[in-house]
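Contents: one structure, followed by commentary.
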Amino acid sequence: MAKHQSVQKYKYYKIEDGKVIRLKKTCPRCGPGVFMAEHLNRYACGKCGYTEWKKPSKK
């Protein structure tokens, strides 16, 4: 089995004008601190399995 890679949490936040901005969407079920993975057509929480589908963009 492959070894687990550590999460690079510094990529989830940005600091602007002394304020912290979250770059990823948080899970509404799990609360703050649990981020959702962004897939091509959906957002998914790896902790509870919650999924939000993205709305297709109209062209």
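Please read every residue number as a count from 1 along the shown chain.
Every residue, even glycine, has its Cβ placed from backbone N, Cα and C.
Here TrEMBL flags C27, C30, C45, C48 as Zn(2+) binding site. Around the Cβ of C30 (Zn(2+) binding site), a 10 Å sphere holds 15 further Cβ atoms from the protein chains shown.
With a threshold of 8 Å between CB atoms, no same-chain residue lying at least 6 positions outside the domain 'Small ribosomal subunit protein eS31' (9-51) comes near it. Per TrEMBL, domain 'Small ribosomal subunit protein eS31' is recorded for 9-51.
According to DSSP, the secondary structure content of the domain 'Small ribosomal subunit protein eS31' (9-51) in residues is 4 helix, 23 strand, 16 coil.
Listed in sequence order, V34, F35, M36, C45, K47, C48, Y50 are the same-chain residues six or more apart from C27 (Zn(2+) binding site) with CB atoms under 8 A from its CB.
Within the group of binding-site residues (C45, C48), the Cβ with the highest number of other Cβ atoms inside 10 Å belongs to C45.
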